Number of protein chains: 2
Amino acid sequence: VLFLQMGWGDLGAFGEPSKETPNLDQMAAEGMLFLDFYTANPLCSPSRAALLTGRLPVRNGFYTTNAHARNAYTPQDIVGGIQDSELLLPELLKKAGYINKIIGKWHLGHRPQFHPLKHGFDEWFGSPNCHFGPYDNRELPNIPVYRDWEMIGRYYEDFKIDLKTGEANLTQLYLQEALDFISKQQASQQPFFLYWAIDATHAPVYASKQFLGTSQRGLYGDAVREIDDSIGKILRHLQQLGISENTFVFFTSDNGAALISAPKQGGSNGPFLCGKQTTFEGGMREPAIAWWPGHIPAGGVSHQLGNVMDLFTTSLSLAGLQPPSDRQIDGIDLLPVMLQGKLIDRPIFYYRGNEMMAVRVGLYKAHYWTWSNSWEEYGKGTDFCPGQSVSGVTTHTQEEHTYLPLLFHLGRDPGEKFPLSFASEEYQRAMQWITGIVQQHKDTVVPGEPQLNVCDKAIMNWSPPGCEKLGKCLKAPESDPKKCSWPH
Amino acid sequence: VLFLQMGWGDLGAFGEPSKETPNLDQMAAEGMLFLDFYTANPLCSPSRAALLTGRLPVRNGFYTTNAHARNAYTPQDIVGGIQDSELLLPELLKKAGYINKIIGKWHLGHRPQFHPLKHGFDEWFGSPNCHFGPYDNRELPNIPVYRDWEMIGRYYEDFKIDLKTGEANLTQLYLQEALDFISKQQASQQPFFLYWAIDATHAPVYASKQFLGTSQRGLYGDAVREIDDSIGKILRHLQQLGISENTFVFFTSDNGAALISAPKQGGSNGPFLCGKQTTFEGGMREPAIAWWPGHIPAGGVSHQLGNVMDLFTTSLSLAGLQPPSDRQIDGIDLLPVMLQGKLIDRPIFYYRGNEMMAVRVGLYKAHYWTWSNSWEEYGKGTDFCPGQSVSGVTTHTQEEHTYLPLLFHLGRDPGEKFPLSFASEEYQRAMQWITGIVQQHKDTVVPGEPQLNVCDKAIMNWSPPGCEKLGKCLKAPESDPKKCSWPH
């Protein structure tokens with residue numbers, strides 16, 4: 001599984017006007033393109049938790065109840081993380097003899113009990129949190145980079161990222177790590193699960209020297225080109241080792257492109273409305289490609305409504321395993337879609353924190369709540385929908401529409417710009433269909449214990465395991481737990 | 001040449017989220033995709049005049065001076081049309097023994113002196129104007145359909161378009177006409193130029209019965225599917241006749257998708273700003289595919305800045321002819337681009353009526369004037385940029401920026417949402433480059449006699465040649481020439 005932060009519109013195969021992703025386009029030509037594939041949340045940590053548990057964040061605990069409908073994630077001072085009661089994909093795959101490796105960003109909590117090797121992974125090379133700030137390690141610790149149980153350095157100190165030139169060779173390190181792991185598994189003939197969850201293209205955006213200045217899209221495009229090149233190398237490596245027909249590869253993203261970083265550090269959501277942080281299509285519809293030569297027919301294009309949570313169930317199915325039956329699993333098995341071209345009826349739920357904001361059923365999408373961000377944030381220049389103000393839709397107050405949802409037909413209107421008339425027969429018919437599905441969903445949701453409510457500077461990455469050997473232990477301040485502040 | 005009204009984002013190969021154009025996508029896979037291809041004007045008639053003359057509308061007369069920076073075209077009451085002094089592509093191709101046919105909309109004037117068979121075409125099946133209104137032929141004549149010199153019926157009367165169901169078999173008629181013409185030319189071994197300029201997908205949108213309801217995008221999508229299917233049939237026909245390697249085919253559009261008709265009757269401009277009528281990218285960047293098996297390498301993607309006017313010069317080059325040397329020609333020969341992968345430095349000028357609104361040089365686009373439409377029109381609901389308000393850019397008054405142009409980098413910011421800072425070094429450097437090019441251009445522009453200034457109900461299609469035989473002559477009112485009203 002390749003899991004990054006890129007927008008739906010960032011790939012040539014999805015219409016990016018610079019067409020600079022020949023390897024991903026080739027992957028699509030050899031595999032199946034999913035045009036209606038979604039993430040489980042418009043933000044990184046909850047999406048990653050959803051992928052690995054097959055469950056919506058509101059169930060697995062990756063949300064906040066500090067305020068209504070707020071995005072939350074796992075910054076350095078987050079107290080919560082993935083609970084032992086959650087069953088992660090690698091834990092289950094172990095039962096079928098899989099060796100599991102995560103390369104890149106874990107993001108499911110950085111305190112010792114949340115360590116990925118305690119949750120089913122056998123190997124780890126990467127960081128527990130995003131690679132951003134503080135950049136100097138003086139007042140706050142820089143993010144550590146782990147190899148397995150111990151940290152081996154920190155971003156900006158030992159793993160350089162030049163914020164001025166945008167140069168960093170991290171994607172190359174992560175690529176080499178992936179190639180080596182694949183070679184090792186092939187040699188030992190052991191089945192493996194590789195979760196390649198690299199940091200790029202998250203801001204601050206970086207690329208290796210040989211890619212700097214090579215794109216028509218600036219630094220962000222350089223980073224995309226490097227990722228594209230890396231994925232090409234991974235796929236060719238599988239082919240050269242002769243295991244491509246035994247290896248299922250899926251490429252997708254954890255949230256829409258962050259338009260707030262546009263244009264220099266931000267990507268493209270193609271024709272869709274807004275970006276990361278929102279429950280409009282730009283926030284949650286993702287590029288997605290399935291690749292499995294000899295099994296998935298080349299050049300396929302699917303309109304199946306898919307979700308990152310499906311990768312949980314589909315991966316289990318590939319390993320001959322059943323999903324857990326003692327809990328609600330939201331992911332579905334996509335094998336019939338990929339191998340037999342089936343279409344499975346299923347809704348997509350768009351959550352923001354503790355609130356179901358919208359639902360998609362067929363080509364209809366009903367918004368029960370609309371919000372981009374507050375007037376206060378917007379007034380300070382934070383805009384999740386730059387140049388895309390749609391009256392009554394991209395609202396700056398939380399607008400409730402539960403009694404008369406805003407309805408869009410995503411086929412005729414992928415940009416969510418023209419709500420259907422409430423009085424139309426089409427509206428009545430569609431809402432009748434949707435209402436039943438939403439009711440059924442709400443009846444089954446038992447919210448998990450929210451993990452993203454409490455923050456405490458004392459639990460930051462001051463002294464990760466291994467810091468002594470490196471002389472990189474820092475002194476933590478006294479514990480002072482507080483409600484985390486989630487402004488949007 | 002296939003010349004239609006579709007948006008950049010309407011094809012699967014350009015990222016349309018329904019991916020319903022398998023034949024055009026296949027054409028692109030077998031040929032070359034142009035990602036930076038432009039029309040010469042954000043409106044139909046001037047674009048068509050530009051394609052056939054290789055010259056900007058401001059030179060060939062397809063513009064108005066009734067008011068500043070106004071879009072104008074050739075409605076039924078237009079007095080002007082293509083002048084005899086202009087040399088059209090078919091006139092020139094005749095010298096190399098070509099048989100020239102136009103199928104579809106002529107749009108270069110409907111009075112007798114402007115007839116396509118007087119300007120180089122040998123055959124015509126289609127209409128002089130758009131297929132819209134008046135729909136009843138009582139107060140005003142419906143648009144006639146011609147076969148060669150004479151009309152053979154009228155839209156809505158003899159050539160049915162059901163405005164309620166959207167059913168019309170016109171695209172099938174135009175397809176059959178194309179296939180027959182190609183067969184005939186192949187049989188007689190005569191070189192030919194076919195200008196397939198069908199009416200669809202212009203509003204009111206229609207499709208044949210077998211395509212109605214087949215798209216995820218509604219009626220517009222049905223029409224796109226029918227066009228896609230037709231183009232597939234034309235290309236397969238060329239292959240079956242064994243002349244595909246001797247036939248150069250180019251697909252493009254005369255203006256961006258009309259967002260004012262969205263979502264039910266309007267297409268998609270992908271990630272670009274606004275649509276038809278505007279000089280933003282959505283109004284003038286077009287889908288474009290060149291196809292010539294055995295010559296143009298399959299799967300090519302070009303960033304060459306191209307323009308519909310290049311089809312004039314390129315077609316002459318293919319026929320071994322030189323463009324006229326007694327006048328300024330704006331089109332360039334794209335053969336080196338298509339056959340040798342060259343990139344030719346050239347600017348793109350964005351005109352609206354008599355004003356150069358913007359220019360693109362490399363990846364930079366400088367706006368010298370911005371305007372979407374007037375507050376008055378906008379207040380009445382006419383919106384060329386629905387859901388895409390960009391402060392200071394999609395202005396509702398004509399804003400002059402000639403002393404400090406608004407500059408965008410279309411690689412980082414294809415949506416024209418983030419103007420570069422005037423104070424930046426990048427701005428200074430880019431504008432220095434652009435200023436010289438604009439100055440040079442302005443020095444060479446000798447405006448043609450404007451053809452779109454005068455309207456007169458008396459010259460409408462009351463009694464086209466052939467009307468007597470059909471009993472379809474209508475009585476014209478007395479002549480009353482007036483300045484045409486061009487509100488935007």
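In case you wondered, yes, glycine gets a Cβ from its N, Cα and C as well.
Annotated in TrEMBL:
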- B:Cys44: active site, nucleophile (ACT_SITE)
- B:His107: active site (ACT_SITE)
- B:Cys44, B:Asp254, B:Asn255: Ca(2+) binding site (BINDING)
- B:6-320: domain 'Sulfatase N-terminal' (DOMAIN)
- B:Asn169: N-linked glycosylation site (CARBOHYD)
- B:Cys44: 3-oxoalanine (Cys) (MOD_RES)
Fewest Cβ neighbours within 10 Å, where candidates are the recorded positions B:Asn169, B:Asn255: B:Asn169
Rounded to the nearest Å - Cα separation of B:His107 (active site) and the residue listed as 'active site, nucleophile': 8
Additional residues surrounding Ca(2+), by Cβ distance to the B:Cys44, B:Asp254, B:Asn255 centre under 8 Å: B:Gln5, B:Thr39, B:Asn41, B:Pro42, B:Leu43, B:Ser45, B:Pro46, B:Ser47, B:Arg48, B:Ser253, B:Lys276
All-chain count of other Cβ atoms within 10 Å of B:Asp254 (Ca(2+) binding site): 27
Surrounding CB atoms that lie within 10 Å of the CB of the residue listed as 'active site, nucleophile', all protein chains: 25
Integer Cα-Cα distance in angstrom, B:Asp254 (Ca(2+) binding site) to B:Asn169 (N-linked glycosylation site): 22
Cα-to-Cα gap, the residue listed as 'active site, nucleophile' vs B:Asn255 (Ca(2+) binding site), nearest whole Å: 6
Segment confidence, the domain 'Sulfatase N-terminal' (B:6-320), expressed as mean pLDDT: 96
Cα-to-Cα gap, B:Asn255 (Ca(2+) binding site) vs the residue listed as 'N-linked glycosylation site', nearest whole Å: 24
